[in-house]
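Below is one structure, written out as structure tokens, with a few remarks after it.
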Amino acid sequence: MARAHWGCCPWLVILCAYAWGYPEPADLGSEDVRNCSINPPYLPVTVVNTTMRLTALRQQLQTQNLSAYIIPDTDSHMSEYLGTPDKRHSWITGFTGSAGTAVVTMGKATLWTDSRYWTQAERQMDCNWELHKQVGATPIATWLLTEIPAGGRVGFDPFLLSIDSWKSYDLALQGSDRQLVSITANLVDLVWGSERPLLPSQPIYALQEAFTGSTWQEKVSDIRSQMQKHRKAPTAVLLSALDETAWLFNLRSSDIPYNPFFYSYTLLTDSSIRLFANKSRFSSETLRYLNSSCTGPMCVQLEDYSQVRDSVQAYASGDVRIWIGTSYTTYGVYEVIPEEKLVTDTYSPVMVTKAVKNSKEQALLKASHVRDAVAVIRYLVWLEKNVPKGTVDEFSGAEMVDKFRGEEEFSSGPSFETISASGLNAALAHYSPTKELNRKLSTDEMYLLDSGGQYWDGTTDITRTVHWGTPSAFQKEAYTRVLIGNIDLSRLVFPAPTSGRLLEAFARRALWNVGLNYGHGTGHGIGNFLGVHEWPVGFHSSAVAMDKGMFTSIEPGYYKDGEFGIRIEDVALVVEAKTKYPGTYLTFEVVSLVPYDRNLIDVSLLSPEHLQYLNLYYQTIREKVGPELLRRQLLEEHAWLQQHTEPLSARAPGTASLAFLLTTSTLAILGWSV
């Protein structure tokens, strides 16, 4: 799980929040922390003055003869995280939350966001802005119908609206004598002008062959084969999501925070390959790697990023059929393709193919999790030594775990903003500390760490919840029931193919049995040095059926508003299950390798099957992570690992002392037996 959990599909986050009743922060009352009725108004110090920006934007509205302008919090690729040049929504509103839509008319400026961000919006927006505590195109369109006169024109940047969002606005405004107007020149960019951050210029590079599962030529051939077999015989595939192009060509860069992507599109036809990107960012070596100097079917022709709309429109004028995935294609390219020439699926063939890792990709991703476990274990040992001293806060802890990961081989930074949350902060849906606002870690409180790393061979995401003191009976019960949910789903055997949404209740059952629940999704796909949230894998309603070779997170939780939060998250590989009778059945193989907190486990709630599973898992951790710790002479960490992976039993016996295990680790390095 990450801060903007599955933010690439914000509607899904909102649906989950309402469906499962995620607890809201205690201060999310109906009162606005601003007081705009007095003169001068009372505003928090965190407010941004947007008066001049709105004045300039309204001048653009007049120039374009618009009554209103819609400003979504997205980019041209429906990315989960936004690059700095795409943070138009934040710049015009002052609000930095990761979900919301702004609408500006000649007389009003409004922000629409969900309950996770109400307080934040009130603390960051000045009195020019009204906060609407709703989400979705329908309430916005309803508001527009009351605010703008008949004959009014509602403008939008077509590259910032998904196909579904455009359809929702268009349907709501039909027959109202209000017109939805596509304007390709973004009006906020025109106002932002020279102050807008420059587009990235760092190199776009090819991954070393050691870190790729297939060559780009093999991938292109596979996608073309799928085109030929498709019943509608598409002549081209248009790729809009940034991870699609990065995966297809084994290329990476750093345009997007926490993701090794670069701004790009690809138009792959049966006889040509067009890659739309900034050509100046490719070295001569990378250009040779792409065969960019030739014009054959296996030669990648580079075209300017800004030309994708015109090029697609020109291609669509012929006798062609263009295959798109509607989830990541924006209206900006969709509107120039005649409907009869479209072949649509929810996800493109690249998105679906990428979700199933081949044997080499599986081995790479597993290897990255071994090194990631070393980093997390080093951090947990460091915490045990330093938290009792009162010297660690949430922010310094987040910095330290990032530091440990950065020291691992093939590291390329964190895979998302670390969630380091102590006590009541862990109950908040999207909490991450800052240098200015954080909480001290204490032996009297539970601590939740949700973090991950990017490595050249894989992407990781793991959550562990710990308590260094004496947890309450309820905390132990809640933790153990979350752990049972994690185990029940991880060891589940199910027929292939089965959709993840039919499986996820197993992660909730132990909580449901006593009237508890959690308000977020149960898992998401994960990439090979790509996105930490990789669609379309997972347990959500729009996920594809589970298939052998997919990786997904499994992350049940429980959150007691104003007190504590629990989440246990592992990454697991979908593998073929061994069953007594013939048939195609699947199960999960957990590849995250960090022990759970023994201090929080109520062994009396665990069945013999749960205990057997845990002890086998702990044995796997010892076998895979232990040798790596010894190889690097991390004796203290190895002793900690041995202590925290001691077999569990119904009687919950005591474990060997850390001093004894440290001695054992030292002797193991020396090759002596004990």
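A Cβ is built for glycine as well, from the same backbone N, Cα and C atoms used for every other residue.
Over in TrEMBL, the protein carries these features:
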type	residues	note
SIGNAL	1-21	signal peptide
DOMAIN	53-185	domain 'Creatinase N-terminal'
DOMAIN	365-575	domain 'Peptidase M24'
DOMAIN	585-648	domain 'Peptidase M24 C-terminal'
Original post:
Would you list the DSSP helix, strand and coil counts for the residues of the domain 'Creatinase N-terminal' (53-185)?
Top reply: 55 helix, 28 strand, 50 coil
Subject >> Mean predicted confidence [pLDDT] for the domain 'Peptidase M24 C-terminal' (585-648) >> reply: 98
Original post:
Do you know the DSSP helix, strand and coil residue counts for the domain 'Peptidase M24 C-terminal' (585-648)?
Top reply: 40 helix, 6 strand, 18 coil
